[in-house]
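Feature annotations, reproduced from TrEMBL:
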- A:27-46: transmembrane segment (TRANSMEM)
- A:79-100: transmembrane segment (TRANSMEM)
- A:153-171: transmembrane segment (TRANSMEM)
- A:187-207: transmembrane segment (TRANSMEM)
- A:258-286: domain '4Fe-4S ferredoxin-type' (DOMAIN)
- A:335-353: transmembrane segment (TRANSMEM)
Amino acid sequence: MTDSASQVLYQARIPIYPRSVKGRFRTLKWGILTFAYGVYFLLPWLRWERNAGPDQAVLFDIADRKFYLFDLVMHAQDLFWLTGFLLVAALLLFFVTSIAGRVFCGYFCFQTLWTDLYLLIERLVQGDRVARIRLDKSPWTANKFLRKVLTHILWLAAAFLTGLTFTLYWGNAPELIVEWFTGKAPFAAYATTLFLTITTYVMAGLAREQVCTYMCPYARFQSVMFDEDTRIVAYDVARGEGKAGRHKVTRDLKTLEQRQQQGVGECIDCGYCVQVCPTGIDIRNGLQVQCISCALCIDACDTIMGSLGWDKGLIRYTSEKQAEGKESRILKPKTIAYGLVLLAAIAALLWGVSNQAPLEMSVVQVRQPLFVRLSDGRVQNSYELHIENKTDQPLKLAIMMRGLAGAELDVGKLSSVEIGPQRSLRVHARVRWNSGNRHKGSRSFEFDLIPQTQPEIGMISAPATFYMPGGDS
Amino acid sequence: MSDTKKPQSAVQTTGHAWDGDIQEFNNPLPNWWLWAFYATVVFAVVYWIFYPAWPVGSSYTTGVMNNITFVDSDGTEKTMHWNTRALLLKDLQEGKSATLSREYLEKVQGADYETILGDAEMMAFTRSMAVGLFGDNCMPCHGAGGGGVMGLFPNLADDDWLWGGTVEDIQTTISDGRYGFMPSFRETFNDQQLDDVAAYVLSLSGQETDSASAQRGKRLFQTSAGGCYYCHGTDGKGMKSQGSANLTDQIWTIADVPGADAPAQKRAAVKAVVANGVQRTMPHWSDRLDKTQIKLLTVYVHELGGGQ
């Protein structure tokens, strides 16, 4: 080795040991976490009676290209709803962020939820912050080794359950789980489980706050949505620092009066707010990109202030304007604009979902041969009608055509077409027409589908083109 | 985050020096990279053990994964080492779509033509299966959609059925084949007579012709002088038993009348057919296709042209 030191290209991660805290936001977060986990882990097991299709409440059936969401069945053609849903989700995020900051990050993001679970496991096995720091600094003993191994085993178990549950949404859960453990499940089930197990373990167990700080795009563009009226977790600098700054509680600085006399603020510099922060920041330094608005520092500070008998809210949800003592508005042009666009997107999505066509038909012309001349001089064109019954009842349908005067429709010996619930069918139809000399080239007409068993569905039509060869024959 | 006070030229050297001042730099790979490389080596070894890997002479190492068991298309059970071909064969026999289509096929096998033709779902299945069969066996002559080739192979999508358009007729045609023959009249008729017969044939389907010539042609057609009526009938409507064409309709399978512009061209087209005769063979498929395949094709062909 020479005397030159290695160039530092990146900073190694500084380990963070978040401390546990009790308080109203922590309670709220536990509540949300319990509810979210309850939904996520139990939903695949919820049964749902259907006339046709699987009896699983939520099932994404890729093989049959149908998504079952309770009483709603999404077909491949309805996939644009997903676009609508993503649009609504994005707008909701913008709207909420401009009002209340990163509440999604702090309370609902799965990275936050799973990291919380992993921290809980870590705390149960290795103890709270101080114990964990001590354990990490201590030499390797059997005790340390066991605790570390147990933590990772539990983490992996949680990750595995997460991954396995995810796969259950894509198949019949009670059947798939048996297949999974007997080695008969499709390869995709194993691959998905493995992938999600690994990502959960790595993201929630190892990467943690680095996901929020370095990987998550949302943290990058939140500044666009923030303004001086946005609710953020903030430290009341004026109250906490006073004129002479923060100071620990000492003999001369015990009561509020003593502190005020000497110009010292109310922050006793106990560091609790820093210790509980899952991203390891000091909120007293102001708003930072790492802050996920989880409000645990509020709980921590309120606990301290409460125990001292002083007013709570030294750290609280406030806006930049409010903190400066100015009036802060929630409803302003930007928020209203977000809100209106959001409402429009929700309305459009709801309209689309509630107006799902119960019956659909599309027509493809047979192009080989494009036309055939018949013995009586008429011209015949053939079509493939693709009919999809999206109801949960079998349908009896009559196929008709309209728009070509004197043309004959021939669907062979099918007196009427029967199509099962949630099924699709292709019907070969021939149209024979003699235009005389009036029409050459293409002529538009329509196929009609008339439900005979459920007339309330009403007739549906699909456009088609009749090709008439040139010439005068 | 970078500390500007640290020296920037922080490169390790191996300690070697040549000519006094030429040093060998040491830029080691990052550790994670090196470990990833070792992991690939371990992966490769594990892979050799489990999967086919190394060529050995004319054979190869098959690995220990000898667990792909499938039933071949001829009914024998096979167990093979892991390979994608065996997986495909297994899927073709046991996959979801294979099972489903086998169920449907059995349904079609068990049903009579009347039932199949009246059932939309069975028709849809038959068509999807028959398109492949038709493409493999019939398309070279009759074209992808059964459109045929003028002068050579009949159009199966029109409503004219030389050998009959019922499902029974179509099934016989496919399984036993057909031989269509019309003698050459080059030796029998002189040029004038050929013109006359052609004119008469054109007049049968309402084409514009010289009526005097057509009258002379009619005599040749309907008497033993030409004997055309033996096969085409006195009314020119053809005979299913002979596969002889109906000359009174608008369909021309050999003489390209619709493609001709002037009456003279049309007459020349018909005249050529009369002079040269016709010899067309549809091979029999009973040796090559099984009964179910012929059934599927029968329904498909019947549907193409609307059948009878």
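Using N, Cα and C of the backbone, Cβ positions are placed for all residues, glycine too.
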Revision key, fill the gap. Tertiary contacts of the transmembrane segment (A:187-207), defined by C-beta under 8 angstroms and 6+ residue spacing from its ends, are 111, 114-115, 117-118, 152, 155-156, 158-160, 162-164, 166-167, 170-171, 176, 179-180, 215
**Study point:** Stretch in A:27-46, A:79-100, A:335-353 most in contact with the transmembrane segment (A:153-171), if contact is a CB pair under 8 A
**Key:** A:27-46
Review point. What parts of the chain pack near the transmembrane segment (A:335-353), using Cβ distances under 8 Å and only residues at least 6 beyond its ends?
Key: 72, 78, 80-81, 84-85, 87-88, 91-92, 94-95, 98-99
Check your understanding: Short question: which residues 6 or more past the ends of the transmembrane segment (A:79-100) have a Cβ under 8 Å from it?
Key -> 218, 222, 225-227, 230-231, 317, 330, 334-335, 338-339, 341-342, 345-346, 348-349, 352-353
Check your understanding: Can you tell me the mean pLDDT for the domain '4Fe-4S ferredoxin-type' (A:258-286)?
Key -> 93
